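The structure appears below as structure tokens.
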């Protein structure tokens, strides 16, 4: 099968993709439930405030996963939910004096703008929690019927999952029930055990009537953990391939999801995938700690492609330290900016030499494929990318158009997997870009280079140098090769 992501012809009979499974704490060979198809659910954002780099790292990681699986020949279905009803949304909207649904919708739009700004493609399905209340109520009813949930006896309308009724509780996180802290999601007085968590929350007098729905237990709203089990089941079925999110969701959120789904008789996810945090001064980037870097602010200083590179270049299970002072350490946004500049410089130089549109390669290098098949080994894959760029620059310098075309084709295929190809549709709407300008600028520069070549031919060195200086002052690098002069952005 040939994917439209990069053109790489991955044969499913030879795919050896390996993935770290959080549930088993080991690397496993990935085997999808349905041949040729992959189903992925990753937990979306609770739209209470602006998205920061910690949120958007997850979006980038799963976007790269999707691209690589498609590149390998799979048809991929991705579901990412939007939690648009939650305690924090109600509290923050009340403090701001805005309707809770308007508050949620505003920040949902900010989330969409953030992942679009960083070149992430939208999920196949992006369901809102509030649009799936009937499915959630049915799941709660099933759990009550099976003896794994109970309505609170205090008349609050709350319904809890009985953790003691499910012996496998704790299998994902490895935490024993007796070692767990009490669940903090509702009033403990209605619980059989402090660790029981809320499936359904009864309506409270100080909450808007519109933030509640009719249920067999009275008006109320779903608990956070319930939402994902119901929505993943609706769009992917009772069993699907990969469930993911940030590592902080492993417990209690994903543990609770797994327990309530399995207790209801659903096989649920076969692989669990978690990305590490973005940290600041060694601490997890978090709204509660007040140490966040909003995507909209960071992209005012750094190009969106540099920010995306910053988030994908380290391995997804490694922490990324964000330093607002950018002290020049490897992995900083300054280093990411230099990397993007090096990539773009090669693309410009190679395209100028080849003189025609070059498509992505249909066969990626072995080093790149091996790296990506090994649990999305982006650090090694990035190294393979820059190895191609180094060799490609050598070909440009000696004017070898055929070798340059080969390296350019490889680089474009790799950039497509990373979502970093500047000519890809997802970057077409980036602020300040206009594809119509590129041929105009290229034509003007080449006209000046032709005038310079004519001046050099008649030994008019003053004119030739003046043209070169003009182009250099405009931020261009001029390189004389046996095939003629070529330009690139400095």
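Glycine too: its Cβ is placed from the backbone N, Cα and C atoms.
Segment annotation: Swiss-Prot labels region 'Disordered' over residues 177-204 (candidates 177-204, 205-232, 233-260, 261-288). Annotated range for motif ''HIGH' region' in Swiss-Prot, selecting from 23-33, 34-44, 45-55: 45-55. Comparing residue 253 (Zn(2+) binding site) with residue 287 (ATP binding site), their Cα atoms are 18 Å apart once rounded.
Per-residue confidence over the motif ''KMSKS' region' (284-288) averages out at a pLDDT of 76. Under the DSSP three-state reduction, residue 43 (Zn(2+) binding site) is assigned to coil, being neither helix nor strand. Minimal Cβ crowding within 10 Å, among the binding-site residues 253, 287, is found at 287.
What surrounds the Zn(2+) site, by Cβ distance within 8 Å of the Cβ centroid and not counting 43, 228, 253, 257, is the set 224, 225, 227, 229, 243, 245, 249, 254, 256 from the same chain. Each residue in the compositional bias 'Basic and acidic residues' (186-204) gets a DSSP state, and the totals come to 3 helix, 6 strand, 10 coil. Cβ neighbour count for residue 43 (Zn(2+) binding site) (all protein chains, 10 Å cutoff from its Cβ): 23.
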